[in-house]
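Enquirer: One structure is given below, represented as structure tokens, and several questions about it will come after.
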Amino acid sequence: MRLSEAWLRQYVNPMVDTAGLVRQLTMAGLEVDGAEPAAADFSGVVVARILEAAPHPEADRLQICRVDTGGGEPLQIVCGAANARAGLVAPLAMEGAVLPGPLKIKRSRLRGVESFGMLCSAKELGLEDDASGLLELPADAPVGADIRDYLQLDDRILEIDLTPNRADCLSVEGIAREVALINRLPFRGVDAGTVAVGSQRRLVVHLDAPEACPRYLGRVITGIDARAQTPRWMKERLRRSGLRSLGPAVDVTNYVLLELGQPLHAFDLERLSGDVHVRQARDGELLRLLNGEEITLSSDVLVIADEEKALALAGIMGGEQSAVGGATSDVFLECAFFAPALIMGKARRYGLATDSSHRFERGVDPSLQRRAIERATALLLEIAGGEAGPVTEAVREDLLPLRAPVRLREQRIGQLLGLNLPRDEVADILARLGMSVEEDEPGWTVTPPSFRFDIALEADLIEEIGRVYGYDAIPRRRPAVASAMQPASETVLGLDRVKDLLADRGYQEVITYSFVSAEMQRRIDPEAEPEALLNPISADLAVMRISLWTGLLDCAQKNLSRQQDRVRIFETGLKFVRRDGSLEQRNTLAGLVLGSILDEQWGEKSRRVDFFDVKSDVEAILGLTGKSSVRFRPAIHHALHPGQSAEILIGDGGAGWLGMLHPQIERELGFEQPVFMFELDAGALLQRDLPRFAPLSRFPLVRRDLALVVARDLPAADLLEAVAASGGPLVRDTVLFDVYSGAGVEAGKKSVALGVTLQDAEETLTDDRVDEVMSRIVARLAADFGAKLRE
């Protein structure tokens, strides 16, 4: 919300500067985002009156003006503005003045005629975008006065970021009420008075939807001057609040909205037919709004209508057919209370965001309407003349919201604030907040004022007491805690270390919902029975996840839909598995990879990621555990490709899964490239085996390569385990460096090349000893797997 500091200080003027005022509001919970100057920096501009305006002899569009500046001889000014005329009061930039830009005004000669200054438009002063003519000032403006002083331009615009619960502060009066409260100053709201009725013309109002609109006030105002102009002081206040002037009728309604927080609307009376109805729209009914957009209404939308048509989207925006214009002389002024629950969301449905809907959605004081319509009437009559008819009020008192009393306990204040306030100070704060207070022994019964929609609980009252007392005034009490250093076990692998490793390998951490859709859960494991939520947020978040893959797949889909086709993500969190009738929470690490193995670059050609790329990432994670008993065993998982999936084992226990997403699920979810996933039990992962020291051998390594023909479906891991077991302590490492099937290898077989590295810690290995070990290895592989040396 934007408002003028000078306007605010007309209601309440504390003895603090702008910085102090900003701090007061922020500490009271009304965060001020900034305080900017109300006008651009300029100097040397005064209020001047044009005494004479004669055509320039050498230019059709120029006039030679004699201008009174309030002292000395009138100045000769050459001006090209279309509205320059004798008697007009306008800003004059004197010789030597500096305008925004910066532009320094000098004596000049225009088409042979000297000009001793420049008459200014609003745009040239940086006040408005209108450059069509001179800025017209009231005829009684003091000639010779500095324009900055006259228009109060040495002002600041406060930008206040209000939380949704503080609808009572969506007005200058509301902010002024808070400033008075903070500074213990007296405060009186705007005294609207009662406008004298000069006409008996009125319209009958029917509340056809009283639950949505329990109070509606209307007034006919006739005979307003269609040529009247909004006064400069009102235009300036509107401008500083971010609104532009649209004519007296609209400007007055906008002004009262800013001043009191009550939206109003003015209809062109001549465009209305018969009585006014506040009703639900008819399905398919059309309404062209003030912004020119035609919308199709539905029956859950509230409209203001006459006997023939919908006139306005209630509480949101008026219609084009009944809008006031430049020729309007009779208006029907509307001021109503609309129930927040029935207005909420309707503006967003039609892509609208208006000042009215912003206030009605959050709640408008249901007792404000009479004062607001009297204030608007008085301002409109003052500016444009006319006669006001009687106020027509349609109301259902039983449907108006009432503020329920709230019990406040003295003991509870101390518990929540950590501060024991005297009872009389608590009562004083509540009274200053405008609340009705009845005191009893354990505390108070407090009734909030009608404008405080956000006060419903005891905690709400205590929050108000805390912020008015001052959060910064509450004494600090640091707890006396004795800290003791505790040894950290080296056998525990920290989860942060695992996250760092994955980040180093190009993964990004994500956090997804623990609740997922039942349909997605069935895809991952159709046999599992996920725990259903009794009151889910939505149908897509109806069950508790049995795997972190559900959230990762959803995240990958969202990334792909935003043209992010290389995804490497991981998540740590709980999954919920039902076992033996009870629900278990298991801490889990899961990851998902798709797209190219490398980011696009010139130095190396990239390729699609494959199973073994992701397997190497999992091996790197498991390598942090120091466990030597890690194995990958081909196995079937409902969510994984039957030919590219493996169960991860540590010892004889299952520790997780790795594989490519099942092709059927891939198609159902719309993935157009392979998706690889892994999931690890964090409990098994985070127990680490400490490394044991062994002296380094100073004798040379010996490597022998084996090319073996084995069954095509034999896992290479089985061969590696057999080599390690049969080779004995001399075998230091075995590496798989080639797999081949095709010409030269019989059908159903494959050729596997192994590099076996041997070393003795005591002496240099001889060929005989190496041959003996290799023969033993080959014999074991032949016996266990039918392996043959490839010729």
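Cβ coordinates come from backbone N, Cα and C, glycine included.
Positions annotated as domain 'tRNA-binding' by Swiss-Prot, on the basis of sequence analysis: 39-148. Residues or ranges marked as domain 'B5' in Swiss-Prot: 401-476. As annotated by Swiss-Prot, Mg(2+) binding site applies to ASP454, ASP460, GLU463, GLU464, with the evidence given as sequence analysis. Per Swiss-Prot, domain 'FDX-ACB' is recorded for 697-790.
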Enquirer: Give me the DSSP three-state residue breakdown of the domain 'B5' (401-476), ordered helix, strand, coil.
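Expert: Counting residues per DSSP class in the domain 'B5' (401-476), I get 33 helix, 13 strand, 30 coil.
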Enquirer: Which one of the binding-site residues (ASP454, ASP460, GLU463, GLU464) has its C-beta surrounded by the most other C-beta atoms within 10 angstroms?
Expert: GLU464
Enquirer: Taking the center of the Cβ atoms of ASP454, ASP460, GLU463, GLU464 at the recorded Mg(2+) site, which other residues in this chain have a Cβ no more than 8 Å from that point?
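Expert: Apart from the listed residues, the neighbours are ASN165, ARG452, ILE455, LEU457, ALA459, LEU461, ILE462.
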Enquirer: What is the average pLDDT across the domain 'B5' (401-476)?
Expert: 92
Enquirer: For the domain 'FDX-ACB' (697-790), jot down how many residues DSSP puts in helix, in strand and in coil.
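Expert: Its residues fall into 34 helix, 32 strand, 28 coil.
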Enquirer: By DSSP, what is the split of the domain 'tRNA-binding' (39-148) into helix, strand and coil residues?
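Expert: Grouping H, G, I as helix and E, B as strand yields 2 helix, 53 strand, 55 coil.
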